[in-house]
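Undergrad: The structure under discussion is supplied below as structure tokens; questions concerning it will follow.
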Amino acid sequence: MSSAMAPVKPSGTAGPKEVELILVKEQNGVQFTSSALVSPSGQTHPSGEERETWGKKIDFLLSVIGFAVDLANVWRFPYLCYKNGGGAFLVPYLFFMVIAGMPLFYMELALGQYNREGAAGVWKICPIFKGVGFTVILISLYVGFYYNVIIAWALFYLFSSFSGELPWIHCNNTWNSPNCSDLNSTLLNDTYKTTPALEYFERGVLHLHESSGIDDLGLPRWQLTSCLAVVIVVLYFSLWKGVKTSGKVVWITATMPYVVLTVLLLRGITLPGAIDGIKAYLSVDFLRLCDAQVWIEAATQICFSLGVGFGVLIAFSSYNKFKLPVYILIVVSLNTECWVFVFCLSPGPGLVFIIYPEAIATLPGSSVWAVIFFIMLLTLGIDSAMGGMESVITGLTDEFKFLHKHRELFTLFIVVFTFLISLICVTNGGIYVFTLLDHFAAGTSILFGVLIEAIGISWFYGVDRFSDDIQEMIGQRPGLYWRLCWKFVSPCFLLFMVVVSFATFNPPKYGSYYFPAWATMLGWCLSISSMIMVPLYAFYKFCSLPGSFCDKLAYAITPETEHHLVERGEVRQFTLHHWLVV
């Protein structure tokens with residue numbers, strides 16, 4: 001007996017169907033067959049429309065890699081590694097990667113692929129938790145307000161690099177102050193002296209000296225505004241047609257950084273003292289492992305390294321074909337921090353736009369190396385920014401169905417809105433707003449969002465049911481390691497991180513500038529505005545459901561496709577087996 005699938009499209013149907021022809025037997029040269037009309041599993045959007053899918057599997061893989069490997073890999077990880085014991089920092093980092101990072105990464109990919117919805121729509125599996133979907137959408141939107149500014153800075157530096165002499169080499173420029181010294185920063189003994197690279201960034205690019213603080217911002221600088229506008233235009237035309245266009249853009253933006261980093265690495269290891277620098281950078285100080293702060297910073301870095309909690313992995317995987325093996329995609333979580341090779345002593349934008357340019361200026365043919373470096377930064381930033389915006393666009397268009405027909409206009413609205421808010425960050429005092437957003441937009445709130453997400457899936461929806469969904473997609477259930485991490489280890493890890501982030505909170509500052517109390521309160525309001533979506537939506541959902549308290553609760557925690565079971569009193573979550581099974 002054999003079978004074959006023949007596609008047909010009967011009249012009156014919204015999407016493609018398939019006829020399954022089954023050869024029953026063959027007798028006297030005559031074949032007897034039976035047929036059945038079936039729908040290809042997972043290829044149709046819940047609204048009845050056919051859902052767009054990635055053109056090729058590699059488009060999806062490159063998109064995920066491009067989002068996960070971003071600008072933070074260039075400035076955050078090397079700083080943390082050097083600060084926290086060099087190679088010893090890799091011990092807690094890899095430990096948390098195994099027990100929390102990879103399981104959460106796997107969970108988001110599987111959640112999006114099975115339900116084929118954005119960050120909010122996937123919570124039809126447990127309606128009362130839909131608020132966490134809006135939490136991660138807001139977080140991605142807030143991050144876009146300042147992340148695009150980093151790309152604009154990189155573009156400004158790229159344009160400045162097309163010159164015979166880089167503008168951050170000497171102190172004879174119009175923006176330099178009397179404190180500027182051409183000596184290398186490591187040779188400056190006077191604390192009041194500054195380097196040309198520092199003054200170029202703060203005075204030549206940001207014009208920070210024309211602002212006295214966050215309450216004195218000034219107007220947007222036209223040069224940076226123009227660069228920001230170019231970034232926004234590139235993002236729009238990369239996203240306006242959905243994954244069919246963004247999946248092609250990442251072929252350049254996700255692969256270019258590896259080419260450039262390879263070239264820079266080969267050049268770097270040929271410089272005098274390179275081996276000594278690498279040894280100093282990765283020198284193992286195991287005594288640092290006794291410091292709780294090292295473990296806290298390693299745990300926090302995991303969330304940022306893999307990109308969980310932004311809704312991007314859910315959005316990207318929702319465009320996969322239903323049967324794509326999810327477990328193979330875990331390889332993209334092997335983040336490539338090892339490519340980062342420049343010895344560094346300061347974190348944040350200062351590393352990328354001060355220390356790195358200062359180091360590049362010492363190389364022969366420095367202008368060429370500067371162009372290569374800032375092209376790498378652009379490609380690192382663009383695909384990560386695309387991921388964040390796709391999370392917002394997919395999450396909202398899947399939740400509000402009428403937006404599907406107007407995706408191009410809605411995408412235009414999102415990028416223009418982001419551009420207008422970002423203008424605050426390109427004013428004279430814009431770096432203060434940038435720092436405030438960076439401190440509060442995706443700190444505690446993203447840890448909180450992932451915690452609620454893990455609890456909703458592992459405990460209320462159920463690890464056993466989630467494992468059944470994965471088996472339906474790839475033909476086998478996740479192993480015991482994954483299930484234990486999802487139900488116990490990862491939620492405990494995230495709860496610990498949320499508590500620690502509150503307990504160890506430090507007010508933001510930029511250099512020697514400390515933010516006023518009202519600015520810190522404004523930052524907390526921004527952070528809370530995303531987290532509060534969880535209880536607000538839960539309250540709204542609970543009040544909008546019919547029946548008694550128990551009926552409301554049953555409907556709120558039961559998948560929408562099983563509400564008919566609630567009417568018969570069959571609620572899985574009301575049984576002890578549901579809570580104990582792994």
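Every residue, even glycine, has its Cβ placed from backbone N, Cα and C.
Okay, these came from TrEMBL:
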TRANSMEM  60-78  transmembrane segment
BINDING   G66, A68, V69, N73, S305, N335, L380, D383, S384  Na(+) binding site
TRANSMEM  90-111  transmembrane segment
TRANSMEM  132-159  transmembrane segment
DISULFID  C171-C180  disulfide bond
TRANSMEM  222-239  transmembrane segment
TRANSMEM  251-275  transmembrane segment
TRANSMEM  295-316  transmembrane segment
TRANSMEM  328-356  transmembrane segment
TRANSMEM  368-388  transmembrane segment
TRANSMEM  409-434  transmembrane segment
TRANSMEM  440-463  transmembrane segment
TRANSMEM  484-505  transmembrane segment
TRANSMEM  517-539  transmembrane segment
Undergrad: Provide, as an integer number of angstrom, the distance between the C-alpha atoms of S384 (Na(+) binding site) and C171 (disulfide bond).
TA: 35
Undergrad: Would you count the other CB atoms within 10 A of the CB of S384 (Na(+) binding site), including those on all shown protein chains?
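TA: Other Cβ atoms found within 10 Å: 27.
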Undergrad: Just to verify a number: CA distance, C171 (disulfide bond) to S305 (Na(+) binding site), in angstrom, no decimals.
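TA: Given the Cα positions, C171 (disulfide bond) is 37 Å from S305 (Na(+) binding site).
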Undergrad: Between the transmembrane segment (295-316) and the stretches 90-111, 222-239, 440-463, work out which stretch tops the count of Cβ pairs under 8 Å.
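TA: Ranking 90-111, 222-239, 440-463 by Cβ pairs under 8 Å to the transmembrane segment (295-316) puts 90-111 first.
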Undergrad: Can at least 3 Cβ pairs under 8 A be found between the transmembrane segment (368-388) and the transmembrane segment (251-275), with each pair 6 or more apart in sequence?
TA: yes
Undergrad: Quiz question: given the recorded positions V69, C171, C180, L380, which has the greatest number of C-beta atoms lying within 10 angstroms of its own C-beta?
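TA: In terms of Cβ crowding, the pick is L380.
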Undergrad: Do at least three CB pairs under 8 A connect the transmembrane segment (484-505) and the transmembrane segment (251-275), leaving out pairs fewer than 6 apart in sequence?
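TA: Counting Cβ pairs under 8 Å, fewer than 3, so no.
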Undergrad: How many Å lie between the Cα of S305 (Na(+) binding site) and the Cα of C180 (disulfide bond)?
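TA: Rounded to the nearest whole number, the Cα-Cα distance is 36 Å.
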Undergrad: Could you give the residue numbers and ranges of same-chain residues that sit at least 6 residues beyond the transmembrane segment (222-239) on either side and whose C-beta is under 8 angstroms from one of its C-beta atoms?
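TA: Distal contacts: 148-149, 151-153, 155-156, 159, 205, 245-246, 249, 382, 385-386, 389-390, 393, 411-412, 415-416, 418-419, 422-423, 426, 430.
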Undergrad: Six or more residues out from either end of the transmembrane segment (484-505), which same-chain residues have a Cβ under 8 Å from its Cβ atoms?
TA: 96, 99-100, 103-104, 107, 293, 296, 299-300, 303, 443-444, 447-448, 450-451, 454-455, 457-459, 463, 466, 582
Undergrad: How about the transmembrane segment (440-463) with the transmembrane segment (90-111) - do they touch, taking at least 3 C-beta pairs under 8 Å (6 or more apart in sequence) as contact?
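TA: They are in contact.
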